[in-house]
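Structure first, then comments.
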Amino acid sequence: MAKRDYYEILGVAKNASEAELKKAFRRLAMKHHPDRNPGDKESEEKFKEAKEAYEILTDPQKRAAYDQFGHAGVDPSAGGGARGGASFSDIFEDIFGDIFGGGRGGGSRVYRGSDLQYNLELTLEEAVFGTEVKIRVPSLVECGECHGSGAEKGTTPETCGTCGGVGQVRMQQGFFSVQQTCPRCHGTGKMITHPCKACHGQGRVEEHKTLSVKVPAGVDSGDRIRLSGEGEAGINGGPPGDLYVQIHVKAHKLFTRKGNDLMCEVPISFATAALGGELEIPTLDGRVNLKIPEETQSGRLFRLRAKGVKSVHGGAQGDLICRVSVETPVNLTKRQKELLKELDETMKAGGTRHSPQEEGWLDGVKGFFEDLKFWNK
């Protein structure tokens, strides 16, 4: 199989600068590096292909020969030399030091503390109107005895002899070398010979801290409130993590929430549904009167504008949507049953339809059986 053009492999123009070559190789290597694609032979071959192209095109003499004679003018197997006599492993480390655990030099590594999550349960009223609550959170904080060093008072951590205090060691893997976290000091660059008794050399201790959380009006289940710097303490002087307060709103006995709208089920009597009337409805702002028109059917929705939840982001206020449910009367007396029968008879006697949904359903049933007779002939 013919070898691909080196410029095509890297996806750059033939007049690409050294910075453009480096950027292109970095992108491809991040995508196809064997450590990121274990067992993927295709990615491994693409990485080798990109490496070869980068080595040739970053060497001025080899690039000139390649531009003039193509692949015949260069011998990639001749080595990993590059501009100025630098080895390819140096170039690789320069490009990927931050990906595979740091670069040359530096000191003991610092680590940001882990983020924490706290689940906060609120009532609907607390979520709608906002509130301020106190929470108690377990966390790892800096040891007050050793101030995070992990060493006993009067002593100091020693430099790790394995990595020389860098926290990284270079490992040879096939045709290139990468840096990995030092297995002895675990990346700290230090060894503690006299550990602090309070934290056992960890530099951090577990502690419960009480925090005040301001909950803005309009939050809903799934929302998160971030408290910067209230997570676990960092290592080796690293910055602390953050605390994320996860909101959970408890079910309400009257309302259910959909976005910024509130839903409410309102039972009404048979007489009110037929004759109309006025009901007192609870809202977040107090009580309001809801007019029920004559001949209202069960399931009808009534929307009360701006009686829902104010948006936590400052948008328009939601609505209160009331769904009426016509209740069938129960525990009827003999006289009440007689009156209902009398009403039913008078409704059947006239030619007027009094139950539109029932009449429509009966018409549909009649048509269904007529069709059934046709197909069964």
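Just so it is clear, glycine is given a Cβ too, placed from its N, Cα and C backbone atoms.
Going by Swiss-Prot, these are the annotated features:
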- 5-70: domain 'J' (DOMAIN)
- 130-208: zinc finger (ZN_FING)
- 143-150: repeat 'CXXCXGXG motif' (REPEAT)
- Cys143, Cys146, Cys196, Cys199: Zn(2+) 1 binding site (BINDING)
- 160-167: repeat 'CXXCXGXG motif' (REPEAT)
- Cys160, Cys163, Cys182, Cys185: Zn(2+) 2 binding site (BINDING)
- 182-189: repeat 'CXXCXGXG motif' (REPEAT)
- 196-203: repeat 'CXXCXGXG motif' (REPEAT)
Quiz item: Near the repeat 'CXXCXGXG motif' (196-203), which residues from the same chain, at least 6 beyond its ends, have a CB less than 8 A from one of its CBs?
Solution: 142-146, 148-153, 235-236
Quiz item: Which whole-number value in Å describes the distance between the Cα atoms of Cys146 (Zn(2+) 1 binding site) and Cys185 (Zn(2+) 2 binding site)?
Solution: 18
Exercise. Please report how many Å separate the Cα atom of Cys143 (Zn(2+) 1 binding site) from that of Cys163 (Zn(2+) 2 binding site), as a whole number.
Key: 26
Self-check item: Pairwise Cα distance for Cys185 (Zn(2+) 2 binding site)/Cys196 (Zn(2+) 1 binding site) [Å, integer]
Solution: 16
Quiz item: What is the nearest of the binding-site residues Cys160, Cys163, Cys182 to Cys196 (Zn(2+) 1 binding site), using the Cα of each?
Solution: Cys160
Quiz item: For Zn(2+) 1, what surrounds Cys143, Cys146, Cys196, Cys199 with a Cβ no more than 8 Å from their Cβ centroid?
Solution: Gly144, Glu145, His147, Gly148, Ser149, Gly150, Ala151, Pro195, Lys197, Ala198, His200, Gly201, Gln202, Gly203, Arg204, Val205
Quiz item: Per DSSP, how many helix, strand and coil residues does the repeat 'CXXCXGXG motif' (143-150) have?
Solution: 0 helix, 0 strand, 8 coil
Self-check item: Length of the line joining the Cα atoms of Cys199 (Zn(2+) 1 binding site) and Cys160 (Zn(2+) 2 binding site), in Å
Solution: 20
Quiz item: Tally of helix, strand and coil residues over the repeat 'CXXCXGXG motif' (196-203) according to DSSP?
Solution: 0 helix, 0 strand, 8 coil
Quiz item: Averaged over the whole of the repeat 'CXXCXGXG motif' (182-189), what is the pLDDT?
Solution: 82
Quiz item: What are the non-local neighbours of Cys160 (Zn(2+) 2 binding site), defined as same-chain residues 6+ apart in sequence with CB under 8 A from its CB?
Solution: Gly167, Cys182, Arg184, Cys185, Thr188, Gly189, Lys190, Met191
Practice problem: Around the Cβ of Cys182 (Zn(2+) 2 binding site), how many other Cβ atoms lie within 10 Å? Please give the count over every shown protein chain. | Solution: 22
